[in-house]
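A.B. asks: Before I ask anything, here is the structure I am working with.
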Amino acid sequence: MIRQDFNRIDSKRRNVVDHRKKQFADPSYKEAQYPHRLNFYATPPTADITLEQFEQWAIDRLRILAELEACSFRNKTPAETATHIKPLLDNSSSTQLFAQRQKDHYSHFILRLAFAATEDLRRRFSRVETMLFRLRLGADDMRERAAFVQSLNIDWEPVTDEERRELATELAAVSSFAYGGKKTLQAQEDESWCKVDWERVPDLVETRRVFLRAGKAYVPAREQQSMVITEFSARLERALELTARALPRLDEDDRLTPILNHLSKTFIVPDATFGGNNTAIDGAEITARNMDNLSQHFPMCAMNLHKSLKRDAHLKHFGRLQYTLFLKGIGLSLEECLVFWRQSFNRITDDTFNKEYRYGVRYSYGDVGGDSNRRGGGGSPYSCQKVMTMPPGPHGCPYGHFSMDNLAALLQSAGVNDRGVLQGVKEDKEHKKFHMACNRVFEHIHKNELKRAIDEGIMTEAQLETIVHPNEYFKRSYLLKNMGKMQQQQQQQQGGGGDVKMGE
Amino acid sequence: MADAGSFIHVDTPAADAKAGAEAEGDTDSYVHVDTPASDAVQVKAEADTETEDQVIKNTKGPEIKLEDLFEGMDSDDEFPSSPVSPKRESFGSFPSSPSENGVSHKASDPELMRSFYQRLFPWRYLFQWLNHSPTPTNDFGHREFAFTLQNDAYLRYQSFPTSDLLRKDVLRLMPSRFEIGPVYSANPRDRKTLRNSTAFRPLAKELCFDIDLTDYDDIRTCCDKTTICIKCWQFITMAIKVVDAALRDDFGFKYIMWVYSGRRGAHAWVCDKKARAMDDQKRKAIAGYLEVVRGGEKSGKKVNIRRPLHPHISRSLDALKTHFQEDVLEVQDPWRSSEQAEKLLQLLPDAQLVESLRKKWDSSPGRSSVSKWADIDTVAKTGASQKLDSRALLDAKQDIVLEYTYPRLDIEVSKKLNHLLKSPFVVHPGTGRVCVPIDTRSLGDFDPLGVPTVQSLIKEIDAWQESEEDTEKHVQDWEKTSLKPYIEQFRSFVIALMRDEREVKVKQERDEDEIGSTDF
Ligand SMILES: [Zn+2]
């Protein structure tokens with residue numbers, strides 16, 4: 001069935017373009033081959049997959065795309081983004097290559113269906129897909145990349161070895177300043193070149209980063225990447241418009257429509273960053289009573305909410321929403337949460353509390369609010385991205401919303417007095433790298449614990465990646481500050497287990 | 001005023017004689033032509049150029065028959081011939097040569113101008129050049145022309161269905177010059193009746209370049225401002241060589257016409273179909289690629305380029321080396337005085353080396369630039385500086401060669417699709433010289449001061465004697481004058497361009513038939 005859906009789109013497309021693009025006019029039903037990890041997604045998939053695969057593959061891809069979007073939102077550098085995303089991508093033994101590439105292929109096309117409907121979704125989708133493509137292209141080694149580029153049949157001519165020898169001097173001149181003159185001779189010889197009409201790369205021409213002869217630009221491999229990416233993005237945008245035109249046909253299958261609708265809604269508020277239920281920390285006392293104590297592990301956004309609440313015995317709507325979801329995320333139960341809010345709002349009557357505020361807390365836990373809210377568990381704790389886009393107030397991200405003076409005061413009240421750190425935060429803030437500032441503060445506050453955790457192999461580098469979610473901040477902070485306790489617990493558990501065995 | 005000599009001395013003996021007899025009683029009557037008003041006109045006007053020398057390069061094999069190309073075109077009286085027919089006289093009765101009546105012979109003399117545009121201007125070839133086909137198309141019909149009138153009024157968005165209508169308007173309005181703009185998506189005259197702004201937008205224009213000697217005032221010593229001589233013209237020669245090579249070898253353009261701007265510069269018109277269709281981003285890319293010398297007179301170091309040198313720059317440097325030695329160091333001698341030499345010293349990298357050179361040159365005042373340039377290496381070799389970076393010194397010397405020889409382009413002209421440029425073959429109102437194409441095959445022989453003037457040309461028509469072989473065919477007026485080689489060069493260029501364009505068109509149509517549908 002699903003195969004037919006793709007075919008329908010394909011046949012629609014054929015009407016429009018088949019005189020131009022032969023590959024669309026000639027859909028092959030034979031099993032797709034995936035010689036490269038990278039894919040330009042020129043051909044829709046044709047094999048059958050199950051409905052469960054359809055949904056799961058799409059969700060998995062969406063999670064990666066949402067992460068990528070979050071990285072770009074937080075102004076992560078390409079290197080930071082790559083590090084952040086790497087664990088999420090399949091990196092695989094060769095036996096799984098086919099399965100992974102097939103999943104990549106299908107999930108891309110499923111999401112095309114989900115995100116083709118509006119111009120805004122199309123633009124976002126093609127932007128994040130292009131980011132993913134760029135990331136993978138950059139990760140490929142030179143040989144893989146060259147093979148992939150060649151397979152694209154973009155009208156680039158590879159420069160033959162003979163021509164390369166003939167133009168060795170000219171190409172070397174162009175190549176070495178592309179690398180700041182620091183490139184080794186060997187690297188220059190290994191560089192692969194292609195020829196395109198110079199009009200395709202006007203920016204490279206303007207800055208003399210290519211060699212020109214007879215209207216052809218000789219583009220070194222390094223610059224080819226940007227051309228491939230431009231081409232990828234241009235083709236995807238065209239394809240999405242065609243998909244949009246084909247969408248009405250898809251309504252005929254009422255099993256797919258709800259899935260696709262859900263996918264596109266999820267994308268509007270990406271929330272996949274922090275798992276809802278498994279966040280509770282073993283052995284931690286997460287109760288209303290202990291909240292003042294726990295607040296030492298809060299990131300500045302939650303800490304500021306906590307302080308405001310203590311000071312004013314009140315928080316406005318957005319603040320309540322943000323804080324309640326955060327508390328849910330650290331593992332505070334609904335009952336304890338209601339106790340916490342009731343105790344904090346200590347200038348109002350029970351009656352007022354029950355009338356005005358109780359429902360909101362329950363709603364955030366999915367305890368009320370109709371089927372959809374209950375099914376969704378009342379909404380996820382806000383990610384950094386979400387926090388940063390909130391309107392300013394006591395809620396939101398202090399690194400982004402506060403003046404430097406107020407931010408410094410907040411940090412000092414949390415015990416951050418180091419001038420170097422404050423200066424670093426100021427610079428991060430000026431460069432709008434608010435999450436970097438937050439991570440900087442985290443590293444400062446936990447520097448002894450971090451050192452120990454790494455030295456003793458308690459936590460791996462992978463577990464200590466950049467924090468992009470307030471609840472992750474809390475969790476990591478709590479674990480680091482309670483490292484000794486946790487190790488003891490672990491040892492006790494192991495010892496206990498042994499006893500049981502022996503007893504048997 | 002000292003430079004007036006250069007203008008006077010060029011002309012034909014007759015013109016010289018006339019200069020002395022000028023009614024105004026001004027001895028420097030030619031200089032007097034350069035009134036502030038006409039200067040203002042010129043600044044605008046000098047933005048246009050064409051190159052013709054290409055033409056012949058691109059015309060392979062026997063020249064095709066013009067008649068074949070122009071089939072279906074009604075013959076008009078674009079190329080009149082003496083004696084003037086009765087029909088022509090009804091158009092306006094002018095003496096065949098105003099000079100005979102002893103009236104003023106300033107270049108801007110309206111009667112002289114009228115005779116020129118009526119009898120000598122190559123209207124048909126201009127039409128074919130812009131139309132790319134013998135029969136009128138939108139390439140010509142939607143092309144903007146702009147007129148600068150005698151009273152300095154500036155008329156934009158003029159357009160004409162045929163060359164004859166353009167010619168008639170020029171004769172009616174007698175503009176001091178006219179410019180050529182882009183082909184628009186609609187007729188420029190209708191632009192105000194179009195509802196939305198996107199319906200009227202520029203579609204195509206030749207890629208143009210403008211090189212003007214006033215941009216070289218900080219390095220030429222022989223002349224300045226509006227004056228030129230054959231010595232400083234060499235800067236234009238170098239510029240044409242470098243830009244022409246890049247446009248052909250690097251960008252693959254074939255139809256490049258260089259045109260003398262009428263006074264102190266040259267224009268290039270790159271006419272390949274691909275070039276005409278370029279958007280501003282591509283034009284900007286080419287301009288950026290070619291621009292090496294930046295900054296006006298006041299700024300310091302004008303050349304900042306990466307190492308190793310891009311192949312375009314190494315090639316240019318090779319082509320410019322000899323010019324630097326001969327036309328700059330020997331002829332311009334730009335660092336003779338110690339004040340001038342200070343400019344050179346500021347461009348050198350090593351403080352100790354600079355100090356040694358300054359001492360040496362102070363002790364021999366008036367040492368030539370050739371010697372001073374050689375001194376740099378000599379002194380460097382004697383170990384005047386302990387920590388001399390010889391690589392840096394070589395780079396600095398290359399930069400200096402480029403600063404003193406590399407083309408100085410007015411790149412604004414090149415960057416915009418909708419920039420206007422003075423038409424080829426227009427008469428420069430200040431000098432009376434015709435904006436003739438420059439033959440790049442004999443670039444070194446081009447003498448801007450030897451270019452025909454409107455005054456001399458009209459006399460040449462009258463002085464022409466019919467020979468026996470001429471009686472067998474109809475001899476047009478331009479063929480009787482020294483304008484002949486220039487118009488022939490233009491004609492060959494236009495024919496080659498049209499033929500190429502027609503072949504492309506036929507091929508496109510064939511391809512479209514095969515595909516059976518147009519692109520979506
Ligand atoms: Zn001069």
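Each residue, glycine too, has its Cβ placed from N, Cα and C.
These came from TrEMBL, pasted as-is:
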DOMAIN    A:295-474  domain 'DNA primase large subunit C-terminal'
BINDING   A:Cys301, A:Cys384, A:Cys397, A:Cys438  [4Fe-4S] cluster binding site
REGION    A:484-504  region 'Disordered'
COMPBIAS  A:494-504  compositional bias 'Gly residues'
A.B. asks: Write out, in the order they occur in the sequence, the residues of the chain not among A:Cys301, A:Cys384, A:Cys397, A:Cys438 that have a C-beta within 8 Å of the mean position of the C-beta atoms of the recorded [4Fe-4S] cluster site.
C.D. replies: A:Pro299, A:Met300, A:Val387, A:Met388, A:Pro398, A:Tyr399, A:Gly400, A:Phe434, A:His435, A:Pro470
A.B. asks: Would you count the other CB atoms within 10 A of the CB of A:Cys384 ([4Fe-4S] cluster binding site), including those on all shown protein chains?
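C.D. replies: Result for A:Cys384 ([4Fe-4S] cluster binding site): 26 other Cβ atoms within 10 Å.
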A.B. asks: Where does A:Cys397 ([4Fe-4S] cluster binding site) sit in the DSSP three-state scheme?
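C.D. replies: In the DSSP reduction, A:Cys397 ([4Fe-4S] cluster binding site) maps to coil.
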A.B. asks: Tell me which residues of the chain lie with their Cβ under 8 angstroms from that of A:Cys438 ([4Fe-4S] cluster binding site), as long as they are six or more apart in sequence?
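C.D. replies: Within the chain, A:Cys438 ([4Fe-4S] cluster binding site) has Cβ neighbours under 8 Å at A:Pro299, A:Met300, A:Cys384, A:Cys397, A:Tyr399, A:Ile467, A:Tyr473.
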A.B. asks: Going by a 10 angstroms cut-off between Cβ atoms, which of the binding-site residues A:Cys301, A:Cys397 has the sparsest surroundings?
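C.D. replies: With the binding-site residues A:Cys301, A:Cys397, fewest surrounding Cβ atoms within 10 Å: A:Cys397.
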A.B. asks: Indicate whether A:Cys384 ([4Fe-4S] cluster binding site) is helix, strand or coil by DSSP.
C.D. replies: helix
